[in-house]
Structures are given as structure tokens and as C-alpha cells.
Amino acid sequence: MRKIIHVDMDCFYAAVEMRDNPALRDIPIAIGGSRERRGVISTANYPARKFGVRSAMPTGMALKLCPHLTLLPGRFEAYKEASQHIREIFSRYTSRIEPLSLDEAYLDVTDSTYCHGSATLIAQEIRQTIFNELQLTASAGIAPVKFLAKIASDLNKPNGQYVITPADVPEFLKTLPLGKIPGVGKVSAARLETMGLRTCEDVQKYDLAMLLKRFGKFGRVLWERSQGIDERDVNNERLRKSIGVERTLAEDIHEWAECEAIIERLYPELERRLAKVKPDLLIARQGVKLKFNDFQLTTQEHVWPRLSKDDLITTARKTWNERRGGRGVRLVGLHVTLLDPQLERQLLLGL
């Protein structure tokens, strides 16, 4: 049985700012956006969250909820430096590390001899070491598989940890809402609910053949996760090459204004996901995806140096006008391709 730890730093960017400027500790602060009400919030500290300020929220809305919110532009190099230090701490306990972004990672400590092989004690020691050396807090989840470790890391935040032992898994899954499973978004969860599927236990009792017929590959993954199955290894070589968001629509759309409204709703989530990996929002390309009611899929992208909503809307409109051919649209997606790390270093050196 494997021992997987998911470590998630607590409001990481904001925590770095508060550490480096103690005057910010007790006031509501957020990273991202500006007083001109442009952009979205990348992260907010806990005083700001008490007012309802959240990641991916438009800055204008955040300022309405918390007019005295202090907005900070973000310091990518400071976050990157802290992240590298945290990664080095992980490496003291295991070589099997899969970073997901600057502020979270999976660790496989199955074969680790530290702390007598106890994943719970290893997670505790890692969190304490991070605090001692960086004055930053982290939360952790410990479980026999990756997706449960990720869910567990969110159950005792901030500055805590939660353990799901192999013996705990069946009981834990019984009442776990499907929307808590990584990869099951709000739209999918709502669609599943119309089928009477709200928890993992509901899916356990559902016919797998029907799930495969309705959802294809996603149906298989959903069924496996509901059984506690996740055979994915902690991947040391993982290098994220792209980030995307998409929405499958309950009904086909036929008007451009409807498509544009969906893009407006999707964009903040794309910006939030990109900011977790690339706070400076530098990219190689960005593009759009449309799926028509005959199930034909089309994508269009082009080279663009920085994430831009206006450019994505322009690209989407061009795709809509040139490729739709009167068909209804049932899926809208946005994506970016990340810069190759070597090319990025060369570009930065040339600035």
C-alpha cells in the first residue's frame, strides 16, 4: 500500500508578502488586479477571506465586498525562491516529488525510512521544517492514493493535516460529494445530480456500463475514484505544458453573444490556474476550443506573449464566424501553452 502526501501551502503568495512585511499580517490583502478594477484575484489572506474575497474573483467584486482591501501586484521572483526552498525541504525526505504549481506538490514516501516510515510524522515534520526555515505554514493530506491525499489536504486548513488510512477509505467515500473529486467541476456535478448521483456511494451502486455510455472515459475515472482507485504514480518528470478550462453546455447555443458570455465566465478561472503556475502570466500561445452539436471539435490558437481576454474573445469570434456553419455549439474552452523553461530563460536574459 502506497503512502502519498499532498502538501498545499496556505494562501502562499499572500503569506510571503505578510512574512516580508509584518504590517500586512492583520489587514485584508490580495494579490492581483488593481484599484482600477481590472483583472482577478490570484489569492487572498484569511482576513480578506472573512469578507468573502476568493481566488479567481474579479477585482471589482472583491473591492465591493472589502473596500479597504490592500491590493498587491505580486513578486514572482520572491514566490519562486520560496517555492524552490520548499522543494529542497521535500527532497530531504523523498526523491519522488511531483510539483503541481509553486505552492503544492505530491510526495510518495512509501519507501522512506524517515520517522520510522510514518507518512503522518513525515508530513508533520515537513510542515514544521517549512515553518522553521521560511516562516510559512503548510497544510497536508495523507492517503494511500493521490486524489484522496489532495482532498485531505483541504480538510484541516490552515496549518493542519488530515490522514485517510487504507481502513478509513470505504467509510470516507460513502458520504464524499462527487464535486470534491479533483476533475469533477460544477457543471459535471450538477449533471450527475440530475441522474441521482451525489456521492461516491451513489456511483458505487450505479451500473458502470451506463456510466461509460453517458460519459466515456470520464465515466470510467469517476467510477474508479468512487471505489477509491487511483493508480497514478507520483511523477517526478511531470512538466506542465498547457492549462485549460472548458464548459460543456446543458443546451446548444446558437448566438455569438451567448458564447462571449461563457468566455467572460471562463476567463477568471483560466487566469487563476495560470497564476498558480506563472504569476507573471507569460505564455507561448493561447487559443479557444469549440465543439459543435455534431460532435466535431475545432481549435484555433496563435502565438501571444501574455494572457489576454480581449485576444481570446477576438480569436473565438473569428472561429465562430468561420467554422460554425450554422451548427449549435455544445462546448466552449480556453487554453494556453506554456513557455519551454529553456526558451523562457533565454527571453528573460534578453530583456
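Backbone N, Cα and C define each Cβ position, glycine as well.
Under the heading active site, Swiss-Prot lists Glu104. The Mg(2+) binding site annotation in Swiss-Prot covers Asp8, Asp103, and the record cites sequence analysis as its basis. According to Swiss-Prot, the domain 'UmuC' annotation covers 4-185, on the basis of sequence analysis. As annotated by Swiss-Prot, site 'Substrate discrimination' applies to Tyr13, with the evidence given as sequence analysis.
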Largest tally of Cβ atoms lying within 10 Å of a Cβ, found at which of the recorded positions Asp8, Asp103, Glu104: Asp103
DSSP three-state assignment (helix, strand or coil) for Asp8 (Mg(2+) binding site): strand
Helix, strand or coil at Glu104 (active site) [DSSP, three-state]: strand
Rounded distance in angstrom between the Cα atoms of Asp8 (Mg(2+) binding site) and Glu104 (active site): 4
Separation of alpha carbons, Tyr13 (site 'Substrate discrimination') and Glu104 (active site) (Å): 12
Pairwise CA distance, Tyr13 (site 'Substrate discrimination') versus Asp103 (Mg(2+) binding site), rounded so that it is a whole Å: 9
Per-region confidence, the domain 'UmuC' (4-185) (mean pLDDT, whole number): 93
